[in-house]
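Features as listed in TrEMBL:
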DOMAIN    1-97  domain 'Dynein axonemal assembly factor 5 TPR repeats'
REGION    100-151  region 'Disordered'
COMPBIAS  130-139  compositional bias 'Basic and acidic residues'
Amino acid sequence: LSHQHSRVRSAATEALVSLILREPSVLPEMGNALAIIATDRASTVREQAVHSITRLLATMPQRKAHAARLLPHLLCALSDEVEQIRQLANVSLTKLGDLARAGAPEPTPMPVSPDLAAAAAAASIEDSPMDERQSRGDEAAALAGGAGGPA
């Protein structure tokens, strides 16, 4: 997300959103990454951030539970220096409001493979304080088929 080329940052954004859609439980750990994308120096990346965050809010399971984490990024886009991004954020928020008013049902969660769940748990271990690492490591081992101990 800090690569010098905006195309690489855009590709990373797509990968991040795909991961969050497959495993919504990683969203709390990815909040800082979304903030970086939403305030990127390149307007194309910021525009993609608006599309991506809108997609998350419209399609991810438990979207209402994650709205407080995602909506501020769209609200900030309303004051972007680029008119097109401001308009896109406005249209996105309007569509999301219509979706909420319509009472659209929450999408059903996608099944997650044990390998993906273990990888997501292992990735979050590196950023955790030491005392949390042991419990998360046990969690990752359990998801990968272990009994909570070393695999």
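Using N, Cα and C of the backbone, Cβ positions are placed for all residues, glycine too.
What TrEMBL says about a protein is an automatic prediction, not a curated fact.
Each residue in the domain 'Dynein axonemal assembly factor 5 TPR repeats' (1-97) has a pLDDT score, and their mean in this model is 87.
Counting residues of the domain 'Dynein axonemal assembly factor 5 TPR repeats' (1-97) by DSSP class, helix then strand then coil, yields 79 helix, 0 strand, 18 coil.
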